[in-house]
Amino acid sequence: MGALGRALLWLQLCALARAAYKLWVPTTDFEAAANWSQNRTPCAGAVVQFPADKAVSVVVRASHGFSDMLLPRDGEFVLASGAGFGAADAGRDPDCGAGAPALFLDPDRFSWHDPRLWRSGDAARGLFSVDAERVPCRHDDVVFPPDASFRVGLGPGARPARVRSVQVLGQTFTRDEDLAAFLASRAGRLRFHGPGALRVGPGACADPSGCVCGDAEVQPWICAALLQPLGGRCPPAACPDALRPEGQCCDLCGAIVSLTHGPTFDIERYRARLLRAFLPQYPGLQAAVSKVRRRPGPHTEVQVVLAETGPQPGGAGRLARALLADVAEHGEALGVLSATARESGAPVGDGSAAGPLGSGSRAGLAGGVAAGLLLLLLALAAGLLLLRRAPRLRWTKRERLVATPVEAPLGFSNPVFDVAGSVGPVPRTPQPPPAQQAGSSSTSRSYFVNPLFAEAEA
């Protein structure tokens, strides 16, 4: 096979592999200002202190002179050509001052699960990754800086970190046995620590529609590391009804388009189409395209996250509708069977293509409106019924009150028959209430007192 044939074979293998690269960013280099308490490299004549109980590997690229230096108990200094340490009097550098000693910060502060410490090797302008996919996925190639020192914490150890390959100190590990032997060596112990484990395999993603990242089980650790500077809490979103895509730690403003695809769908081709034909028309938007698991159930779908980063909101919703229209027109050619979309603050409209588009949002809205109208009609019917019965009740009560007259007493007081010796008028006998008079049949309503019969009886 000639050189051209070998080149074509290599290109075909790369196309089939579809491996992504994740690059480790922070270092423990001596000249890195971020590694020092004063956020600068120690000046000449300063007092330098390394953590006594920490193991660390430090690359030194220049010559330095200090008045005093406290070294770690377990560590190494990798000196570049012409680099070294020497003694220098305190105050030799007038800009240094006689302040506190320069402290080398804790080298164990860097965690494998911190998304801020990784950079994607194939990132394009306008594209981003959800938080869980910023950490190496199981099909990624991991590259550590070959000419810099570093130290990585592998986590609590409940779940091993699994990637396709690890490149460190000029070596590429694709087998667990070789990687385990390196991690057990002194060079490995100085660069990797913690109870966690690191594994390689099973290989690159061979599915043109993409592969699930596989970091869902460790997402709580990823979010904890990401939100540690914020006290473990997400900042409030700048929009109502913010969205939280699969793999994201906090809510965001924008839209999410979910694609159900067929066997001919190619995620790289769709990502390139989005980047070339749509994103340039919507400045202030970033997109993330990846395969995720559809909840509930074991099935997968392609998630397109449109995040608004500009000052003018609403662009994500317009782009989501444009993507739905694109699926309605070109869905069969793209290998997309159906698409749905939702937007922060309001549902996104859709059209019909080779499958139901946006049926979830529209059906939910229609169901809510129908339920509200039904409740309103029931309330109106009950109110009308009460209004029609209330006057009849009041009129019936009034008729009952009028139909029961209050009868005046029929008796009278006769002063001729009053008892002798009484002065003044004889008090009237108290009359029983009307209800008792009406209900009594043995008591006469017309009577008077006869004193003659009263004396005879006496």
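Here the Cβ of each residue, glycine as well, is placed from N, Cα and C on the backbone.
Summarising the annotation, Swiss-Prot assigns signal peptide to 1-19 and lists similarity to another entry as the type of evidence.
The topological domain 'Extracellular' annotation in Swiss-Prot covers 20-366.
Annotation for Asn35 (N-linked glycosylation site): spatial neighbours Thr27, Thr28, Asp29, Phe104, Leu105, Pro107, criterion Cβ-Cβ under 8 Å with sequence separation of six or more. Marked as N-linked glycosylation site by Swiss-Prot: Asn35.
In the three-state DSSP reading, Cys43 (disulfide bond) counts as coil. Under the heading disulfide bond, Swiss-Prot lists Cys43-Cys96 (among others).
As annotated by Swiss-Prot, region 'Interaction with CUBN' applies to 67-87. Note on the region 'Interaction with CUBN' (67-87): its mean pLDDT in the predicted model is 93.
Long-range neighbours of Cys137 (disulfide bond) (same chain, six or more residues apart, CB within less than 8 Å of its CB): Ala20, Lys22, Val163, Cys211, Cys213, Gly214, Asp215. If you look up Swiss-Prot, you'll see Cys137-Cys213 (among others) marked as disulfide bond, on the strength of similarity to another entry.
Swiss-Prot lists Cys205-Cys211 (among others) with the feature disulfide bond. Within 10 Å of the C-beta of Cys211 (disulfide bond) there are 17 other C-beta atoms, taking all protein chains into account.
Annotation for Cys249 (disulfide bond): spatial neighbours Asp131, Ala132, Gln219, Ile222, Cys223, Leu226, Leu227, Cys234, criterion Cβ-Cβ under 8 Å with sequence separation of six or more. Annotated disulfide bond per Swiss-Prot: Cys223-Cys249 (among others), in sequence order, evidence recorded as similarity to another entry.
Cys234 (disulfide bond) carries neither a helix nor a strand DSSP state and counts as coil. Taken from Swiss-Prot, the feature disulfide bond covers Cys234-Cys250 (among others).
The feature disulfide bond is assigned by Swiss-Prot to Cys239-Cys253 (among others). Other C-beta atoms found within 10 angstroms of the C-beta of Cys239 (disulfide bond) number 17, with every protein chain shown included.
Residues or ranges marked as topological domain 'Cytoplasmic' by Swiss-Prot: 388-458.
Neighbour density at the Cβ, taken as the number of other Cβ atoms within 10 Å, is lowest among the disulfide-bonded residues Cys205, Cys234, Cys253 for Cys234. Note on proximity: among Cys205, Cys239, Cys250, Cys253, the disulfide-bonded residues of the record, the Cα nearest Cys43 (disulfide bond) is that of Cys250. Under 8 Å, Cβ to Cβ, and six or more positions away along its own chain, Cys250 (disulfide bond) finds Leu227, Cys234, Pro235, Ala237, Arg244.
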